[in-house]
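Scroll down for the structure; my scribbles are underneath it.
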Amino acid sequence: MKPSLKIVKIGGKLIENEALLNSFLDDFVQLNGPKILCHGGGNKATEVAGKLGNETKMVDGRRITDKDSMEVITMVYGGLLNKNIVAKLQAKGQNAIGLCGADGNVLISKRRPVKEIDYGFVGDVVKVNSDFIANLLSPGIVPVFSAISCTEEGVLLNTNGDSVASEIAIAMSKLYETRLYFCSEKKGVLKDISDENSVILKMDSEKYKELVEAKVVTDGMLPKLHNCFQAIDRGVKSVLLGDSGLLKKNSIHTKIVK
Ligand SMILES: Nc1ncnc2c1ncn2[C@@H]1O[C@H](COP(=O)(O)OP(=O)(O)O)[C@@H](O)[C@H]1O
Ligand SMILES: CC(=O)N[C@@H](CCC(=O)OP(=O)(O)O)C(=O)O
């Protein structure tokens, strides 16, 4: 039997709330066994870009990333957010190491081909260096991944944080029984975005298509759910979506089913 591995993704809205982040990290350090943390930070990047006079454009939940935005992304995701999360984990007694895709050659990507939309410096992961990650996990270190990948030519690319988490979970599934957790602002996928209590407890791909067509699922939830179904179809044992309390026992959440 394969050992178990938990991969947890936290989004930008959770990261920017100090109290929620601390409470989440307390739960995270309590998780037994090997674990990986992936983070986004889209709203911080938008805020910093705005201060520098750059307007942000998102299409279907993904950022159009020009050269200037990519500099902001590198500073905000790879620097500010990643290093602060690692520092907080150290303070809670959990040894951790912060990485972007170039570190350890861990997330190799290709630039998104230009179809109707040119996303600019945005990449899709084509290879995960799972052996390198396994080597970090074996002495009990928690790898903390920012939403940045790297091409074989050495170009850093902005990569949706949910895609990073799901690609890592898929790749690690050959060595571990993997469980993937998406912790975001909402308790899960909502039937009615204005009703926090309308959480859909179980979600299959048929329901997902229905909700996309009905425009109940929009914005960042589009790539998130796409990544959830990719993961569950490609070997990840379980995929859950919830808020900062997702790792607590008896949390209300959405479970992805085949
Ligand atoms: N049906 C839905 N249920 C829940 N959230 C939804 C739904 N449709 C759109 N969303 C939006 O998707 C967001 C989650 O995606 P995203 O902003 O990328 O999260 P994160 O940054 O935490 O990863 C929610 O905060 C919400 O605004
Ligand atoms: C290509 C692309 O869209 N990348 C995302 C990466 C950050 C992210 O995923 O942040 P959240 O988890 O906070 O949404 C972005 O720049 O917004």
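Indices start at 1 and increase along the chain as displayed.
Just so you know, glycine gets a Cβ as well, placed from its N, Cα and C.
Predicted-model confidence for the domain 'Aspartate/glutamate/uridylate kinase' (6-240) is 96, expressed as mean pLDDT. Taken from TrEMBL, the feature domain 'Aspartate/glutamate/uridylate kinase' covers 6-240.
Long-range Cβ contacts of LYS9 (site 'Transition state stabilizer') within its own chain (separation 6+, distance under 8 Å): LEU37, CYS38, HIS39, GLY40, GLY161, ASP162, VAL164, ALA165, LEU180, TYR181, PHE182, CYS183. Look at TrEMBL and you will find LYS9 (among others) tagged as site 'Transition state stabilizer'.
Positions annotated as substrate binding site by TrEMBL: GLY41, GLY42, ARG63, ASN158. Counting only same-chain residues six or more apart in sequence, the Cβ atoms lying under 8 angstroms from the Cβ of ARG63 (substrate binding site) belong to GLY42, ALA45, THR56, LYS57, SER69, ILE73, TYR119, VAL122, ASN158.
Note: LYS224 (site 'Transition state stabilizer') has non-local neighbours GLY61, ASP162, PHE182, SER184, LEU241, i.e. same-chain residues 6+ apart with C-beta under 8 A of its own C-beta. Feature annotation from TrEMBL assigns site 'Transition state stabilizer' to LYS224 (among others).
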Checklist entry - Which of the three DSSP-derived classes (helix, strand, coil) applies to ASN158 (substrate binding site)? => result strand
Checklist outcome for this item: Going by C-beta under 8 A and a gap of 6 or more residues, the same-chain neighbours of GLY41 (substrate binding site) are GLY12, ILE15, VAL76, TYR77, LEU81, SER146, ALA147, GLY161
Checklist entry - Counting every protein chain present, what is the number of Cβ atoms, excluding its own, within 10 Å of the Cβ of ASN158 (substrate binding site)? => result 27
Checklist entry - Inside 8 A of the center formed by the CB atoms of GLY41, GLY42, ARG63, ASN158, which other residues of the chain have their CB, for the recorded substrate site? => result GLY12, GLY40, ALA45, THR46, THR65, ILE73, VAL76, TYR77, ALA147, ASN160, GLY161
